[in-house]
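Participant: Per Swiss-Prot, the features are:
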- Lys170: site 'Important for interaction with integrin' (SITE)
- Lys178: site 'Important for interaction with integrin' (SITE)
- Lys180: site 'Important for interaction with integrin' (SITE)
- Lys189: site 'Important for interaction with integrin' (SITE)
Amino acid sequence: MAAVPDTSDMMTYCSGNENDLFFEEDGPKQMKGSFQDLDLSSMGDGGIQLQFSHHLYNKTFKHAMSIIVAVEKLKKIPVPCSQAFQDDDLRSLFSVIFEEEPIICDNWDEGYVCDAAMHSVNCRLRDIYHKSLVLSGACELQAVHLNGENTNQQVVFCMSFVQGEEETDKIPVALGLKEKNLYLSCGMKDGKPTLQLETVDPNTYPKRKMEKRFVFNKMEIKGNVEFESAMYPNWYISTSQAEKSPVFLGNTRGGRDITDFIMEITSA
């Protein structure tokens with residue numbers, strides 16, 4: 001069995017410049033060839049110069065070990081790149097490593113939904129005939145003409161921008177009465193969609209994801225606004241031509257029912 005050379009023998013054999021390893025039939029000799037002779041780029045001080053011999057017989061274990069050391073050093077030599085590493089190269093690498101898969105959410109527990117910061121504005125609404133909306137009794141809105149000293153009866157809405165179905169020209173909002181636990185909502189009564197004021201828990205409302213009965217799609221038309229029920233499409237917050245009539249949910253646009261409102265943003 002061949003004896004394994006001692007580490008010190010190997011270090012002695014590779015003494016001097018450890019990168020200068022030459023291989024011939026009889027062992028290390030003077031340099032007769034290099035990578036520079038092969039018209040390769042200069043590798044600086046870390047270059048390894050080799051002399052290749054076609055005589056493969058009579059090689060010792062030391063020769064084999066030296067070749068292994070040389071090959072391992074060659075692996076560590078940086079290869080010049082014709083251009084800098086680009087973002088596209090990184091994307092190509094990621095596409096090989098990772099496989100893109102769609103994320104499908106069939107349903108989720110609303111108890112774990114974290115509401116984003118609510119955006120809301122205070123506003124007053126009048127129909128295009130300048131009737132203001134006032135609170136009559138405990139839970140009814142009426143449209144009346146106000147002037148002078150009674151203008152302070154006009155209701156101030158806190159209009160919150162909420163989550164709704166994706167629409168390009170419709171903005172989902174909820175309309176609550178400022179400083180009151182009342183919100184406009186839609187329900188069914190005697191087989192017909194109706195508008196009502198609903199009392200809510202102030203510790204829970206408003207919230208980003210409101211129940212659909214509270215949601216209205218706000219649309220701007222020629223400087224005015226319309227509010228369409230999200231629960232009952234094509235039904236709108238409406239007023240009547242008559243004075244002191246209740247505000248209701250109607251499905252007639254451009255007729256006797258008034259669906260266009262003037263919105264005034266206020267800080268009050």
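Every residue, even glycine, has its Cβ placed from backbone N, Cα and C.
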Participant: Look at each of the recorded sites, Lys170, Lys178, Lys189, and point out the one with the fewest other Cβ atoms around it within 10 Å.
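Facilitator: If we count Cβ atoms within 10 Å for the recorded sites Lys170, Lys178, Lys189, the smallest count is at Lys189.
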Participant: Within its own chain, what residues at least 6 apart in sequence put their Cβ under 8 Å from the Cβ of Lys180 (site 'Important for interaction with integrin'), listed in sequence order?
Facilitator: none
Participant: Does DSSP give Lys178 (site 'Important for interaction with integrin') helix, strand or coil?
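Facilitator: Going by the DSSP assignment, Lys178 (site 'Important for interaction with integrin') belongs to neither helix nor strand, so it counts as coil.
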Participant: Please report the DSSP secondary structure of Lys170 (site 'Important for interaction with integrin'), reduced to three states.
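Facilitator: For Lys170 (site 'Important for interaction with integrin') - judged by DSSP and reduced to three states - the answer is coil.
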Participant: Give me the Cα-Cα distance between Lys170 (site 'Important for interaction with integrin') and Lys178 (site 'Important for interaction with integrin'), rounded to a whole Å.
Facilitator: 23
Participant: Between Lys178 (site 'Important for interaction with integrin') and Lys189 (site 'Important for interaction with integrin'), what is the CA-CA distance rounded to a whole number of Å?
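Facilitator: Lys189 (site 'Important for interaction with integrin') has its Cα 26 Å from the Cα of Lys178 (site 'Important for interaction with integrin').
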